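Colleague: Submitted below is the structure of interest, expressed as structure tokens.
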Amino acid sequence: MISKDDKQVEPKSIVPQDHEEDDVEEDDVVDETPAAGEETKKKKKKKKSKKKKVQQSDPPRVGLSKIFTNGIYPEGEIQPYKDDNTWRTTSEEKRYDERMAMEDPEITYQTIRRAAEVHRQVRQSARKHIRPGMTMTEIANFIEDGSRALVEETGLESGIGFPTGLSLNHCAAHYTPNAGDTNVLQSGDVLKIDIGVHVKGRIVDSAFTLNFEPTYDRLIEAVKAATDTGIRESGIDVRLGEIGGAIQETMESYEVEVNGKIYPVKSIENLSGHSIGLYQIHGGKSVQLVNNDDQTKMEEGEYFAIETFGSTGRGRVVESGECSHYAKIIDAPRVPLRLTSAKSLLKSISSNFGTLPFCRRYLDRVGESKYLLALNHLVQQGIVQDYPPLCDAKGSMTAQFEHTILLRPTVKEVISRGDDY
């Protein structure tokens, strides 16, 4: 829901693409030879109709089911496993396992590939339209309106996976505008855009960084390279600590020059990538961004968000600023709630978001009002988790890149990979 004060972008008319329409073709005239004494008759063949495909509008507002009418969505980037797992690529047994997975509606890869295609189309439009001078609320609405339209939002069946992250400059993560936010994007800002889309609880979590002048190009390059390193090193039976070491080595091989001063790029040591569960953005395993002794292994069939953050500051974040992100805790304790408003709000959260993260704007959108006291009570009771913004030192700059990967039986699929990153 967009408030009166928020600017709306009207989509241009849709150019037909996967939709059936008449496309008239004039065929050759047929001359029939008459019998003696009869007049010559000419007939025309019937007009043929061709099928055309529905194209996406600009900005994107056409649901993907109208474009991919057969329900088959693009596969992500395929990376073969390496070292002790190269045998998986040609294993008949593992190929059979994949065929069975595709036929199972509960685990078919088409579900998350649909979410990934939504993500690709929405972010490519966002990269084209976002410019300095826009408010954070305008940017969030632009992205979320597109995501909702393309994924054809339907309750908890499909929709937004988590609030759109729009963290600026020294703020690395967990900022999205609350109602009344007046922040405006400036030309010197470094903007992290973290977008989540889900279909049947399968969440695509992918992020990128935008800048509008070249000062911090090397920072952005470092983080993108570190994320690609993390993806390359990931695989079945790989230890999480080893991935962190490879990420740090790549990240910290870069430096940034600002006004004649050299700043080393640092991995943010207390942020991490993570496994992704069904309707659960943090699935329990963490992929740290620095070398560590975690012996936990990645396993076949798991989904991971491989994300890295680099900083020109201290390389460590702290909670800072007004909270916007929240999520209902999966194994929350069953405790009596003394506030009637808290009981009502919990019911609304459960029905609208389940265990998916949400923000205050989303509560506004579903009709909740005057809920802060109730929301804080749910946090205090350990039923809802709050996620305040995470920031490095003021004056520093941070960047982020992230992809969702699937460890299939035969290959690693970078679900969210696109032409842009």
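Cβ coordinates come from backbone N, Cα and C, glycine included.
TrEMBL annotations: computationally assigned, not manually curated.
Note that the coordinates shown come from a computational prediction; the quantities given were computed from them, not determined experimentally.
According to TrEMBL:
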- HIS174, HIS282: substrate binding site (BINDING)
- ASP194, ASP205, GLU402: divalent metal cation 1 binding site (BINDING)
- ASP205, HIS274, GLU307, GLU402: divalent metal cation 2 binding site (BINDING)
- 1-10: compositional bias 'Basic and acidic residues' (COMPBIAS)
- 19-31: compositional bias 'Acidic residues' (COMPBIAS)
- 42-54: compositional bias 'Basic residues' (COMPBIAS)
- 111-308: domain 'Peptidase M24' (DOMAIN)
- 1-67: region 'Disordered' (REGION)
Colleague: Taking only same-chain residues 6+ apart in sequence, whose CB is under 8 Å from that of HIS174 (substrate binding site), what do you get?
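Modeller: Within the chain, HIS174 (substrate binding site) has Cβ neighbours under 8 Å at GLY165, SER167, SER324, HIS325, TYR387, PRO388, PRO389, LEU390.
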Colleague: How does the model score the domain 'Peptidase M24' (111-308) in terms of mean pLDDT?
Modeller: 98
Colleague: Taking only C-alpha atoms and a 10 A limit, tell me which of ASP194, HIS274, GLU307, GLU402 are near HIS282 (substrate binding site). These are the binding-site residues.
Modeller: HIS274
Colleague: Tell me which of the binding-site residues ASP194, ASP205, GLU402 ends up closest to GLU307 (divalent metal cation 2 binding site) in space, Cα to Cα.
Modeller: GLU402
Colleague: Using the centroid of the Cβ atoms of ASP205, HIS274, GLU307, GLU402 as reference, list every other same-chain residue with Cβ within 8 Å of it (recorded divalent metal cation 2 site), in sequence order.
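Modeller: Filtered neighbour residues, in order: ASP194, SER206, ALA207, GLY273, ILE276, PHE304, ALA305, ILE306, HIS403, THR404.
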Colleague: Measuring Cα to Cα, how far is GLU402 (divalent metal cation 1 binding site) from HIS274 (divalent metal cation 2 binding site) in Å?
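Modeller: About 11 Å separate the Cα atoms of these two residues.
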Colleague: If one measures from the C-alpha of HIS274 (divalent metal cation 2 binding site) to the C-alpha of ASP205 (divalent metal cation 1 binding site), what distance in angstrom results, rounded to a whole number?
Modeller: 10
Colleague: List the other residues in this chain whose Cβ sits within 8 Å of the Cβ centroid of the divalent metal cation 1 site residues ASP194, ASP205, GLU402, in sequence order.
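Modeller: Going along the sequence, the neighbours come out as GLY165, ILE195, GLY196, SER206, ALA207, ALA305, GLU307, GLN400, THR404.
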Colleague: Over all shown protein chains, what is the count of other CB atoms within 10 A of the CB belonging to HIS274 (divalent metal cation 2 binding site)?
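Modeller: Taking every protein chain into account, the count is 19.
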Colleague: Taking the Cβ of each of the binding-site residues and counting other Cβ atoms inside 10 Å, which one has the highest number: ASP194, ASP205?
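Modeller: Most Cβ neighbours within 10 Å: ASP205.
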